[in-house]
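*Asks:* Structure provided below as structure tokens; questions to follow.
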Amino acid sequence: ILPKPGGRSAYHLAFKPLDGGWGWMVVIGAHISIGFAYSTSKALSIFFTAIQDDLGASSSETAWISSIMLAAMYAGGPVSSMLVNHFGSRPIVMVGGLMCGSSLAIASVGTSIIYLYFFVGIIGGFGLSLNLNASLTIISRYFLLKRPLANGLAMAGSPVFLCFLAPLNQFLLDSYGWRGSLLILGGLILNCCVAGALMRPVTSPSKASSGEEQKMVEEQPNNYGAKLKESCMENAKFLDLSLFKDRGFVIYLIGNLMFIFGAYAPIVFLSAYAVDQGVEEYAAAYLLTIMGFVDMFIRPSTGFVATTKWLRPKIQYLFSFAMIFNGTCHLLCPLLNTYPLLVAYAVLFGVSFGMVFALIFECLMDLMGNQRFARAIGLVTIIECLPMLLGPPAAGLLVDIFDYRYLFLMCGSVITVGGLFLLVMNTLNYHLLAKEKRAKDRKQNENATENQDQNGVLEMKRTPEAAVEQTEPEATDKDEAQQDP
């Protein structure tokens, strides 16, 4: 069921996605939209030291800016999903870009850290939520067989934008201060409105006019009309809690929450950690650029590899491996205290981070399917806002109490445990699914055998009755034949 733009949800018959055509232009728009959605909160960390000096805030207080922004981006998932189902992706992405750009411009005149929490964190984060969910949803409607590749290319927007935003923000900070930098960055984010214009709604390949389509729907059997009404009611739900009955979804959600808790703090504090180790500020900012540059190529490469017939059925295991790899990189980071070693860490961090985010939403699509994905991602993102909100401030608190090494140890431990959890539980889940399928097939075979036996008994009962019915007319004919002469 595909929503069409307009004031109300209009539905027509579903069809096989095109896997190409204008869909690649949609991927470009999603690349820009997702790029700003994920890179903005990370690139803002370049301004944190200047904001601390200007507003007299601590490391944990400034970390709340990115944390609130990410939490608002994830918490707005259900609202964004509902709006996308109602209006389509194009207007939602454009409104989201306008909200985020305006909020950063207004925040540039802020005089307190609370002011930045509200405008950059809440308003800007909700605008990014509209961009993210709408972009992911429309990709799932344009692609099926090539969906991992399309997701990888779209998600590559995050490292691409981080790659140039990190040094750009450092240049803007040196030239205009953090206030002027926020104003310019807000203007750049308005390009999401242009990206949203590329997201043309999915239309049926059928050349039938809208009146003929309506006639086709009206001429369907009553059971189809009931299913259509049921689907509309399901899409109107704000939160679909029935997804918790799906064992695979619950396993995915738990592992994903553990990853999200430790995913962003190393990015937020990487430059500050490098400066603390004696690295020059520009060189420290380039660590994020190196990470983003590597990540930029890893995401589409991982998406391409995931489309192969050998790895596509095992994509959940590949996701688990990527998480374990990412957590191990963070656990090794405290042992690295020179710039060449930190560059090596940034490269490995980019590889592992790109692998995870190339697969994180593809795994959810693989579990839920196209029809339930919009509701599933809305539920996932609103639950993820809690670890998203607590992760960076908890890491900042460790920095204030101890030092940066404990930050990386905490994040690495949580992510590694989450990857091991997914690996073990997915193995168990697939075993249980195979066992349930065998039991279901056995039951169906038994039912089929019973039905055949019952049919055989009924046939045996019917045979004597038929013989009697055939004998009586024959006897009557013989009597009539004797009386006829």
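Backbone N, Cα and C define each Cβ position, glycine as well.
Annotations per TrEMBL:
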type	residues	note
TRANSMEM	21-39	transmembrane segment
DOMAIN	25-430	domain 'Major facilitator superfamily (MFS) profile'
TRANSMEM	63-84	transmembrane segment
TRANSMEM	91-109	transmembrane segment
TRANSMEM	115-136	transmembrane segment
TRANSMEM	148-168	transmembrane segment
TRANSMEM	180-199	transmembrane segment
TRANSMEM	249-275	transmembrane segment
TRANSMEM	281-298	transmembrane segment
TRANSMEM	318-337	transmembrane segment
TRANSMEM	343-361	transmembrane segment
TRANSMEM	373-394	transmembrane segment
TRANSMEM	406-433	transmembrane segment
REGION	440-485	region 'Disordered'
COMPBIAS	446-455	compositional bias 'Polar residues'
COMPBIAS	475-485	compositional bias 'Basic and acidic residues'
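Could you tell me the structural context for the features on the list?
*Replies:* Counting only same-chain residues 6+ beyond the ends of the transmembrane segment (21-39), those with a CB under 8 A from a CB of the stretch are 73, 93, 96-97, 100, 128-129, 131-132, 134-136, 138-139, 142-143, 150, 153-162, 165, 188-189, 191-192, 194-200, 292, 357.
Below 8 angstroms of C-beta separation, residues 5, 29, 33, 36, 40, 80, 83-84, 115-116, 119-120, 123-124, 126-131, 133-135, 179-180, 182-183, 185-193, 195-197, 199 of the same chain, each at least six residues beyond the ends of the transmembrane segment (91-109), sit close to that stretch.
Listed as Cβ neighbours of the transmembrane segment (148-168) (distance under 8 Å, sequence separation of 6 or more from its ends, same chain) are residues 23, 27, 30-40, 42-43, 46, 135-136, 139, 142, 185, 271, 282, 285-286, 288-289, 291-304, 306-307, 312, 315, 350, 354, 357-359, 361-362, 365.
Counting same-chain residues at least six beyond the ends of the transmembrane segment (180-199), those with a Cβ under 8 angstroms from any Cβ of the stretch are 25-26, 28-33, 36, 40, 43, 47, 88-94, 96-98, 100-105, 107-108, 120, 131, 134-135, 138, 165, 169, 172-173.
The list of residues near the transmembrane segment (249-275) in space but at least 6 beyond its ends in sequence, with Cβ under 8 angstroms from a Cβ of it, reads 41-42, 45-46, 48-49, 59, 63, 66-67, 70, 74, 166, 243, 281, 283-285, 287-288, 291, 316, 320, 323, 326-327, 330, 333, 339, 342, 346, 349, 353, 356, 360, 363-364, 367-368, 376, 380, 383-384, 386-388, 390-392, 394-396, 399, 404, 407-408, 410-415, 417-419, 421-422, 425-426, 429.
Within its own chain, the transmembrane segment (318-337) has Cβ neighbours under 8 Å at 255, 259, 262-263, 266, 277, 302, 306, 311, 344-345, 348-349, 351-353, 355-356, 359-360, 363, 404-405, 408-409, 411-420, 422-423, 426, counting only residues six or more beyond its boundaries.
Taking Cβ pairs closer than 8 Å, the transmembrane segment (373-394) reaches residues 60, 63-64, 66-68, 70-82, 84-85, 129, 132-133, 136-137, 140, 234-235, 237, 239-241, 243, 249, 253, 256-258, 260-265, 268, 361, 364-365, 367, 410-411 in its own chain, all 6 or more past its ends.
Nonlocal intrachain contacts for the transmembrane segment (406-433), taken as residues 6+ away from its ends with a CB within less than 8 angstroms of a stretch CB, comprise 247-248, 251-252, 254-259, 261-263, 265-266, 269, 273, 316-317, 319-334, 391, 394-396, 398-399.
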*Asks:* For a three-state summary based on DSSP, what are the helix, strand and coil counts in the compositional bias 'Polar residues' (446-455)?
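*Replies:* Each residue of the compositional bias 'Polar residues' (446-455) counted once, the result is 10 helix, 0 strand, 0 coil.
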*Asks:* Do the transmembrane segment (115-136) and the transmembrane segment (281-298) come close, with at least three CB pairs under 8 A (pairs 6 or more apart in sequence)?
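*Replies:* These two stretches do not touch.
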